[in-house]
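As recorded in TrEMBL:
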type     : residues                       : note
DOMAIN   : 17-292                         : domain 'Deacetylase sirtuin-type'
ACT_SITE : His141                         : active site, proton acceptor
BINDING  : Cys149, Cys152, Cys200, Cys203 : Zn(2+) binding site
Amino acid sequence: RSVSRTSPNLAFVPACLPPHPMEIEELQRFVSNSKRLFVMTGAGISTESGIPDYRSEGVGLYARTDRRPIQHAEFVRSASARQRYWARNFVGWPQFSSHQPNTAHLVLRDWEKLGKLHWLVTQNVDALHTKAGSQRLTELHGCTHRVFCLVCGDQILRSELQEHFEALNPTWKAEAFGVAPDGDVFLTDKQVHNFQVPACRKCGGILKPDVTFFGDTVSREKVNFVHERLAESDSMLVAGSSMQVYSGYRFALAAREKQLPIAVLNIGPTRVDHFASLKLNSRCGELLPLIV
């Protein structure tokens, strides 16, 4: 087994009891009975890598602050909203991009190598599954490590854009007041006032991270592709997601329609609990490595 033992960062993980031996046994049986496992992950798999989420009780962004993530329409419509978004993202990027996969990401990569995991869909935009080496992977909401132009579609790496920001803002500095999910940090309006945002190098259009912002929708092609992978699967595991966002929840509904067994591993309640075959209230990085 090639899972390396990394020390989890529990600052953004809700408190929970260690897995009960019976829970380990039940999940082991579920996984053993699966031949083509479809896995969907959410923010709860990345909190142990030190990335905060939105909804976790007591420690998520919504519990800690009255801040809310940027809306798609606001980003597209407002130059000042884009300036605010990119200034905060510029400050947060060095730390956010340095986060590493935790044990749970590595376990799922190993299940793929063993032929146990048929397809992995993540709602996260942090690239941690890619860093872990997962290949049978769909990033449902995109990835912050890529940026594209809303006008001509030209793509660049987010790391490359960071260099453009630095060149445009050689004397601009800002101290963050704390971190939020998805590479965001807290800055005041005064701090972002003089921040310069580059335009697309090809056409001068608006640059946007290759992620689905709140209020936007996942492309029909991607949704259809994931439905096809689910149709080839014989069971579904939800790991680290409350499934509150419909773009992910729809696949649990489709799995129920196909009468696939569904296991849920998440600290706290989810939208799937009432029709799941198995619900486990544990840390992903604590329970998943115990399954062989």
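Quick reminder: no glycine exception, Cβ is built from N, Cα and C everywhere.
Between the CA atoms of Cys200 (Zn(2+) binding site) and His141 (active site, proton acceptor) there is a gap of 22 Å, rounded to the nearest whole number. On a Cα basis, Cys149 (Zn(2+) binding site) lies 17 Å away from the residue listed as 'active site, proton acceptor'.
Under 8 Å, Cβ to Cβ, and six or more positions away along its own chain, Cys152 (Zn(2+) binding site) finds Cys200, Lys202, Cys203, Gly205. Highlighted in sequence order, Leu150, Val151, Gly153, Asp154, Ala199, Arg201, Lys202, Gly204, Gly205 have their Cβ within 8 Å of the centre of the Cβ atoms of Cys149, Cys152, Cys200, Cys203, the residues recorded for Zn(2+), and are not part of that set.
Minimal Cβ crowding within 10 Å, among the binding-site residues Cys149, Cys200, Cys203, is found at Cys203.
Counting Cβ atoms from all protein chains shown, His141 (active site, proton acceptor) has 22 others lying within 10 Å of its own Cβ.
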